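Asker: Questions regarding the structure given below will be posed in turn.
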Amino acid sequence: MKPTRVPNNPCFSSGPCAKHPGYSIEELKDTPFGRSHRSNLGKEKLAEAIKKTRDMLGLPDDYLVGIVPASDTGAFEMCLWSMLGCRGVDVLVWESFSKGWATDITKQLKLKDVRVFEAEYGKLPDLKKVDFKNDVVFVWNGTTSGVKVPNGDWIPENREGLTLCDATSAIFAMDIPYHKLDVITFSWQKVLGGEGAHGMLILSPRAVQRLESYTPAWPLPKIFRLTKGGKLNKKIFEGSTINTPSMLANEDWLATLKWAESVGGLKPLIQRTNDNLAVFEAFVAKNNWIHFLAETKEIRSSTSVCFKVDLSDEKLKELIKTLEKEKVAYDIGSYRDAPSGLRIWCGATVEKEDLQCLCEWIEWAYNLVK
């Protein structure tokens, strides 16, 4: 029977993700429109975003946080181009974005001493094969496959190389051992539902040391430059951005952090995400026609949850269109490079009740189109 209730928020996209519950444009009323980001007020606003992010995450005291251009992609690229090349590189690939990093390292930077460990969608490469004498490049959560690393146990405390981690769809949703990561990047529009175009860059003291002791052989564009005169440009990590940010997007980020504080901070955010995943675990357990793409529970993402559905590609498209037409779910098709299926965002800004409601609609639509 066709469900009678609909989700309060039908936005289940994996980026940009749903705004937090109760979101209102009123929350942006203190945006310093028309003011320079270099003014005292502008710098204060950006520094506030940096400090509140650091405090919410509980980062080590000696780690630096900065706002950089071009979303998570910009943040991660600037580190690949600025830090790699002085030792071997191990790259872990198991979905589209991690494959993109491997392509940049081998085809754009053209580094020679590179080992690529690749697994198909739904699986992880063998983490035991990683050599931490090399720099290690990986994503914490594979946004396009719904597969994450199980934990940080495979990363040694003492390592010669740097660990560079794209954590954009994991941070604020998963327990991450920051001290095992030298570079951490993410964007505002994922777990907390901020706006696009801005990246956040977190550096360990070891990453800073690399920047100050190694100069790549290739030219670096202005928006990738993290040093001045051989020293780290610390102003980037105090609110003086490389180029002009959107003060409106920054205000929106401050609003998301305020909401995150209101629900209790990091641990409740992680719990909300896990509770959301549990809705689908129950749904998959009682329906034999839908399956997680991730092969095992320990590597199953709790944010970008990916499914295989026992339907032809045409019927699957029909299911997705039906749910969009009914205004119950937007943007839930799998990523263009991934196996056909569903990808449903379960991060902290999504309400559990909306997912429970969505499950009823997916079941109805499946029976309608099959």
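Easy rule for this one: first residue shown is 1, then count along the chain.
Backbone N, Cα and C define each Cβ position, glycine as well.
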Asker: For the pyridoxal 5'-phosphate site, Swiss-Prot lists TRP101, THR143, GLN189, ASN243, THR244; sort out which one of ASP61, ASP62, ASP166, ASP275 goes with them.
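Answerer: It is ASP166, as the record lists it for that site.
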Asker: Using a Cβ cut-off under 8 Å and a sequence separation of 6 or more, which residues in the same chain sit near THR244 (pyridoxal 5'-phosphate binding site)?
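Answerer: Once residues fewer than 6 apart are set aside, THR244 (pyridoxal 5'-phosphate binding site) is near HIS37.
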Asker: Rounded to the nearest Å, what's the C-alpha distance separating ASP166 (pyridoxal 5'-phosphate binding site) and LYS190 (N6-(pyridoxal phosphate)lysine)? Just drop the number here, would you?
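Answerer: LYS190 (N6-(pyridoxal phosphate)lysine) has its Cα 12 Å from the Cα of ASP166 (pyridoxal 5'-phosphate binding site).
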Asker: In Å, rounded, how far does the Cα of GLN189 (pyridoxal 5'-phosphate binding site) sit from the Cα of ARG38 (L-glutamate binding site)?
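Answerer: Distance between the two Cα atoms comes out at 24 Å.
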Asker: Which residues of the same chain, at least 6 positions away in sequence, have a Cβ lying under 8 Å from the Cβ of ASN243 (pyridoxal 5'-phosphate binding site)?
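Answerer: PRO69, LYS222, ILE223 - these are the non-local Cβ neighbours of ASN243 (pyridoxal 5'-phosphate binding site), listed in sequence order.
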Asker: Fill in the CA-CA distance, TRP101 (pyridoxal 5'-phosphate binding site) to LYS190 (N6-(pyridoxal phosphate)lysine), as an integer in Å.
Answerer: 19
Asker: THR143 (pyridoxal 5'-phosphate binding site) has how many other Cβ neighbours within 10 Å of its own Cβ?
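Answerer: For THR143 (pyridoxal 5'-phosphate binding site), the 10 Å Cβ neighbour count is 28.
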Asker: In angstrom units, rounded to an integer, how far apart are the Cα atoms of LYS190 (N6-(pyridoxal phosphate)lysine) and ARG38 (L-glutamate binding site)?
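Answerer: Cα-Cα, rounded: 27 Å.
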